[in-house]
Amino acid sequence: MAPAWWHAVAAVAVVVVVVMPPLAAPCSCELHHPQQHVCDADYVVFARVRRFTTTLDGQQAYKVRVKRIVKGSEKVELMLQKGLLYALPGTCEAGLLPRTSYVISGYVAGSKPWVSLCNFASPVRNLTPKMKKGFRLLYQSGCDCQILSCHHYKSCPRASYFCSWSTSRHHQDCQGRQSVCLRGPEGRCEWLQGRLYRHCMKTLRHNSTAPALPHHNTIRLVADGSHRRKLSKFAYKRRMALRRRLRRPRPAIGYIPKKW
(Lines of atoms letter the chains of each structure in order from A and count residues from 1; the text may use other names and numbers.)
(Lines give C-alpha, C1' and ligand atoms only; values in the text may rest on other atoms or scores of the structure.)
Protein backbone atom coordinates (compact mmCIF):
# COMPACT_ATOMS: atom_id res chain seq x y z
CA MET A 1 0.00 0.00 0.00
CA ALA A 2 1.42 3.41 -1.02
CA PRO A 3 2.01 6.02 1.70
CA ALA A 4 -0.37 8.96 2.13
CA TRP A 5 2.09 11.53 0.79
CA TRP A 6 2.25 9.66 -2.53
CA HIS A 7 -1.50 10.06 -3.05
CA ALA A 8 -1.20 13.80 -2.37
CA VAL A 9 1.59 14.23 -4.94
CA ALA A 10 -0.40 12.25 -7.54
CA ALA A 11 -3.48 14.42 -6.96
CA VAL A 12 -1.47 17.63 -7.44
CA ALA A 13 0.05 16.25 -10.65
CA VAL A 14 -3.39 15.42 -12.03
CA VAL A 15 -4.67 18.92 -11.21
CA VAL A 16 -1.68 20.54 -12.91
CA VAL A 17 -2.21 18.50 -16.06
CA VAL A 18 -5.90 19.40 -16.16
CA VAL A 19 -5.51 23.17 -15.74
CA MET A 20 -2.59 23.63 -18.13
CA PRO A 21 -3.82 25.76 -21.07
CA PRO A 22 -3.50 24.26 -24.55
CA LEU A 23 -0.96 25.59 -27.00
CA ALA A 24 -2.27 28.39 -29.22
CA ALA A 25 -3.25 27.02 -32.60
CA PRO A 26 -2.45 29.07 -35.72
CA CYS A 27 -5.32 31.28 -36.84
CA SER A 28 -6.61 30.46 -40.33
CA CYS A 29 -9.02 32.91 -41.97
CA GLU A 30 -10.76 32.80 -45.34
CA LEU A 31 -10.46 35.76 -47.67
CA HIS A 32 -13.70 37.79 -47.78
CA HIS A 33 -14.76 40.96 -49.55
CA PRO A 34 -15.53 43.87 -47.18
CA GLN A 35 -19.17 43.65 -48.29
CA GLN A 36 -19.28 39.96 -47.33
CA HIS A 37 -17.85 40.84 -43.91
CA VAL A 38 -20.68 43.31 -43.36
CA CYS A 39 -23.38 40.90 -44.51
CA ASP A 40 -22.10 38.05 -42.31
CA ALA A 41 -21.39 40.16 -39.20
CA ASP A 42 -23.65 40.57 -36.17
CA TYR A 43 -22.52 44.18 -35.77
CA VAL A 44 -20.53 46.82 -37.67
CA VAL A 45 -19.32 49.98 -35.94
CA PHE A 46 -17.12 52.99 -36.44
CA ALA A 47 -15.20 53.20 -33.17
CA ARG A 48 -12.03 54.63 -31.67
CA VAL A 49 -9.89 52.20 -29.70
CA ARG A 50 -8.74 53.60 -26.38
CA ARG A 51 -6.74 50.74 -24.87
CA PHE A 52 -6.42 46.99 -24.48
CA THR A 53 -7.63 45.88 -21.06
CA THR A 54 -8.54 42.90 -18.90
CA THR A 55 -12.08 42.76 -17.52
CA LEU A 56 -13.06 41.84 -13.97
CA ASP A 57 -13.83 38.28 -15.04
CA GLY A 58 -10.33 37.91 -16.50
CA GLN A 59 -11.20 38.26 -20.18
CA GLN A 60 -9.25 40.42 -22.63
CA ALA A 61 -11.12 43.22 -24.38
CA TYR A 62 -10.69 46.47 -26.25
CA LYS A 63 -11.99 49.57 -24.54
CA VAL A 64 -13.56 51.62 -27.33
CA ARG A 65 -15.69 54.69 -27.91
CA VAL A 66 -18.39 53.78 -30.41
CA LYS A 67 -18.95 56.67 -32.80
CA ARG A 68 -21.55 55.09 -35.06
CA ILE A 69 -23.38 51.77 -35.20
CA VAL A 70 -23.83 50.78 -38.83
CA LYS A 71 -25.34 47.34 -38.24
CA GLY A 72 -26.73 45.70 -35.12
CA SER A 73 -29.97 44.77 -33.43
CA GLU A 74 -31.34 46.55 -30.36
CA LYS A 75 -29.78 43.92 -28.09
CA VAL A 76 -26.42 44.40 -29.76
CA GLU A 77 -26.69 48.17 -29.34
CA LEU A 78 -27.19 47.68 -25.60
CA MET A 79 -24.09 45.46 -25.48
CA LEU A 80 -22.03 48.05 -27.34
CA GLN A 81 -23.01 50.80 -24.89
CA LYS A 82 -20.54 49.28 -22.41
CA GLY A 83 -17.69 50.21 -24.75
CA LEU A 84 -16.05 46.77 -24.70
CA LEU A 85 -15.18 44.53 -27.65
CA TYR A 86 -13.96 41.17 -26.39
CA ALA A 87 -10.87 39.68 -28.02
CA LEU A 88 -9.87 36.08 -28.61
CA PRO A 89 -6.56 35.22 -26.91
CA GLY A 90 -3.64 33.89 -28.90
CA THR A 91 -2.94 34.17 -32.60
CA CYS A 92 -6.53 35.12 -33.51
CA GLU A 93 -6.35 38.42 -31.64
CA ALA A 94 -7.40 41.32 -33.87
CA GLY A 95 -4.35 43.43 -32.97
CA LEU A 96 -6.13 46.80 -32.82
CA LEU A 97 -3.94 49.78 -31.99
CA PRO A 98 -4.87 52.29 -29.26
CA ARG A 99 -5.80 55.88 -30.13
CA THR A 100 -6.86 54.79 -33.63
CA SER A 101 -10.27 55.03 -35.31
CA TYR A 102 -11.47 51.81 -36.94
CA VAL A 103 -14.38 50.35 -38.81
CA ILE A 104 -14.98 46.98 -37.13
CA SER A 105 -17.21 44.03 -37.93
CA GLY A 106 -17.71 41.28 -35.37
CA TYR A 107 -19.99 38.66 -33.91
CA VAL A 108 -21.96 38.09 -30.71
CA ALA A 109 -21.42 35.09 -28.44
CA GLY A 110 -22.47 34.70 -24.82
CA SER A 111 -24.26 38.08 -24.85
CA LYS A 112 -20.94 39.81 -25.61
CA PRO A 113 -19.62 41.49 -28.77
CA TRP A 114 -16.42 39.85 -30.03
CA VAL A 115 -13.81 40.73 -32.65
CA SER A 116 -11.04 38.51 -34.00
CA LEU A 117 -8.39 38.49 -36.68
CA CYS A 118 -10.85 36.89 -39.12
CA ASN A 119 -13.29 39.80 -38.84
CA PHE A 120 -12.90 43.04 -40.77
CA ALA A 121 -11.08 45.72 -38.78
CA SER A 122 -9.31 48.49 -40.67
CA PRO A 123 -8.26 52.03 -39.72
CA VAL A 124 -10.67 54.56 -41.20
CA ARG A 125 -7.79 56.44 -42.81
CA ASN A 126 -7.04 53.37 -44.98
CA LEU A 127 -10.54 53.23 -46.47
CA THR A 128 -11.36 54.60 -49.90
CA PRO A 129 -14.39 56.91 -50.29
CA LYS A 130 -16.27 54.05 -51.97
CA MET A 131 -15.55 51.75 -49.00
CA LYS A 132 -16.79 54.38 -46.55
CA LYS A 133 -20.05 54.68 -48.50
CA GLY A 134 -20.25 50.91 -48.61
CA PHE A 135 -19.93 50.48 -44.87
CA ARG A 136 -22.49 53.19 -44.18
CA LEU A 137 -25.18 51.90 -46.54
CA LEU A 138 -24.31 50.25 -49.86
CA TYR A 139 -22.81 47.00 -48.59
CA GLN A 140 -25.99 46.04 -46.74
CA SER A 141 -28.04 46.84 -49.86
CA GLY A 142 -26.24 44.05 -51.70
CA CYS A 143 -26.48 41.31 -49.08
CA ASP A 144 -28.79 39.30 -51.35
CA CYS A 145 -25.76 38.80 -53.63
CA GLN A 146 -22.82 36.55 -52.80
CA ILE A 147 -19.22 37.45 -53.64
CA LEU A 148 -17.00 34.62 -54.85
CA SER A 149 -13.22 35.01 -54.80
CA CYS A 150 -11.55 33.66 -57.94
CA HIS A 151 -8.12 32.83 -56.53
CA HIS A 152 -9.11 29.14 -56.19
CA TYR A 153 -10.09 28.85 -59.87
CA LYS A 154 -8.17 29.00 -63.14
CA SER A 155 -10.96 31.17 -64.59
CA CYS A 156 -13.63 33.08 -62.70
CA PRO A 157 -17.02 31.34 -62.66
CA ARG A 158 -20.06 33.38 -63.57
CA ALA A 159 -23.66 33.24 -62.38
CA SER A 160 -26.55 35.61 -61.82
CA TYR A 161 -26.63 35.27 -58.03
CA PHE A 162 -23.02 36.25 -57.21
CA CYS A 163 -20.22 38.58 -58.28
CA SER A 164 -16.85 37.13 -59.28
CA TRP A 165 -14.10 38.81 -57.25
CA SER A 166 -11.30 38.57 -59.81
CA THR A 167 -9.02 41.26 -58.31
CA SER A 168 -8.79 39.76 -54.82
CA ARG A 169 -5.10 38.85 -55.12
CA HIS A 170 -3.95 41.99 -56.96
CA HIS A 171 -2.21 44.90 -55.29
CA GLN A 172 -4.80 47.14 -56.94
CA ASP A 173 -7.91 45.42 -55.63
CA CYS A 174 -10.35 47.40 -57.76
CA GLN A 175 -13.42 45.35 -56.83
CA GLY A 176 -12.51 45.26 -53.16
CA ARG A 177 -11.66 48.95 -52.77
CA GLN A 178 -13.61 50.74 -55.51
CA SER A 179 -16.87 48.84 -56.06
CA VAL A 180 -19.95 47.22 -54.53
CA CYS A 181 -21.81 44.11 -55.66
CA LEU A 182 -25.49 44.97 -56.25
CA ARG A 183 -28.40 43.36 -58.07
CA GLY A 184 -29.07 45.16 -61.34
CA PRO A 185 -32.35 45.92 -63.14
CA GLU A 186 -32.29 42.51 -64.85
CA GLY A 187 -31.89 40.71 -61.53
CA ARG A 188 -28.22 39.83 -61.99
CA CYS A 189 -25.56 40.56 -59.37
CA GLU A 190 -23.05 42.97 -60.89
CA TRP A 191 -20.23 45.24 -59.79
CA LEU A 192 -21.24 48.89 -59.50
CA GLN A 193 -19.51 50.73 -62.37
CA GLY A 194 -18.18 53.98 -60.92
CA ARG A 195 -15.61 56.30 -62.46
CA LEU A 196 -12.79 55.31 -60.09
CA TYR A 197 -13.62 51.63 -60.55
CA ARG A 198 -13.46 51.86 -64.35
CA HIS A 199 -10.17 53.77 -64.19
CA CYS A 200 -8.71 51.22 -61.75
CA MET A 201 -9.72 48.27 -63.94
CA LYS A 202 -8.30 49.96 -67.04
CA THR A 203 -4.97 50.51 -65.27
CA LEU A 204 -4.97 46.93 -64.02
CA ARG A 205 -5.56 45.51 -67.50
CA HIS A 206 -2.87 47.76 -68.97
CA ASN A 207 -0.30 46.67 -66.38
CA SER A 208 -1.09 43.00 -66.94
CA THR A 209 -0.73 43.21 -70.75
CA ALA A 210 2.14 45.73 -71.05
CA PRO A 211 5.40 44.04 -72.18
CA ALA A 212 8.49 44.38 -70.04
CA LEU A 213 11.13 46.89 -71.20
CA PRO A 214 14.17 45.32 -72.90
CA HIS A 215 17.46 45.52 -71.10
CA HIS A 216 19.01 47.99 -73.59
CA ASN A 217 16.02 50.32 -73.24
CA THR A 218 16.51 50.40 -69.49
CA ILE A 219 20.17 51.29 -69.88
CA ARG A 220 19.32 54.05 -72.37
CA LEU A 221 16.87 55.59 -69.91
CA VAL A 222 19.46 55.65 -67.17
CA ALA A 223 22.16 57.10 -69.42
CA ASP A 224 19.89 59.76 -70.90
CA GLY A 225 21.10 63.30 -70.23
CA SER A 226 17.62 64.42 -69.15
CA HIS A 227 17.89 62.20 -66.06
CA ARG A 228 21.25 63.62 -64.95
CA ARG A 229 21.51 65.72 -61.84
CA LYS A 230 21.43 69.44 -62.48
CA LEU A 231 24.79 71.14 -61.84
CA SER A 232 25.17 74.01 -59.44
CA LYS A 233 26.32 77.41 -60.69
CA PHE A 234 29.84 76.95 -59.30
CA ALA A 235 30.20 73.46 -60.81
CA TYR A 236 28.96 74.72 -64.18
CA LYS A 237 31.58 77.54 -64.26
CA ARG A 238 34.30 75.11 -63.26
CA ARG A 239 33.35 72.69 -66.05
CA MET A 240 33.28 75.45 -68.68
CA ALA A 241 36.71 76.73 -67.58
CA LEU A 242 38.11 73.21 -67.90
CA ARG A 243 36.69 72.91 -71.41
CA ARG A 244 38.27 76.23 -72.49
CA ARG A 245 41.62 75.12 -71.08
CA LEU A 246 41.50 71.86 -73.01
CA ARG A 247 40.71 73.68 -76.26
CA ARG A 248 43.87 75.85 -76.11
CA PRO A 249 46.63 74.70 -78.51
CA ARG A 250 49.65 73.14 -76.81
CA PRO A 251 52.94 75.05 -77.20
CA ALA A 252 55.63 73.53 -79.40
CA ILE A 253 58.73 71.95 -77.87
CA GLY A 254 61.36 74.58 -77.03
CA TYR A 255 58.80 77.39 -76.76
CA ILE A 256 59.94 80.20 -74.41
CA PRO A 257 57.34 82.60 -72.99
CA LYS A 258 57.77 86.30 -73.85
CA LYS A 259 58.39 87.38 -70.25
CA TRP A 260 61.58 85.36 -70.29
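Placed from the backbone N, Cα and C atoms, the Cβ positions cover glycine too.
Source: prediction; values computed, not measured.
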So Cys143 is in a disulfide according to TrEMBL. Which of these is its partner: Cys39, Cys92, Cys200?
Cys39
TrEMBL annotation, disulfide partner of Cys189 among Cys118, Cys145, Cys150:
Cys145
Could you identify, going by TrEMBL, the member of Cys163, Cys200 that forms a disulphide bond with Cys181?
Cys163
Based on the record in TrEMBL, give the one of Cys27, Cys29 in a disulfide bond with Cys118.
Cys29
Measuring Cα to Cα, tell me the gap between Cys29 (disulfide bond) and Cys39 (disulfide bond) in whole angstrom.
17
By CA-CA distance, flag whichever of Cys27, Cys143, Cys163, Cys181 among the recorded positions is nearest to Cys118 (disulfide bond).
Cys27
Entry from the recorded positions list Cys27, Cys39 having the most other CB atoms no farther than 10 A:
Cys39
DSSP on Cys189 (disulfide bond), three-state: which is it?
strand
Have a look at the recorded positions Cys27, Cys145, Cys181 and say which one has the shortest Cα distance to Cys39 (disulfide bond).
Cys145
Cα-proximity to Cys189 (disulfide bond), 10 Å cut-off, over recorded positions Cys27, Cys163, Cys181:
Cys163, Cys181
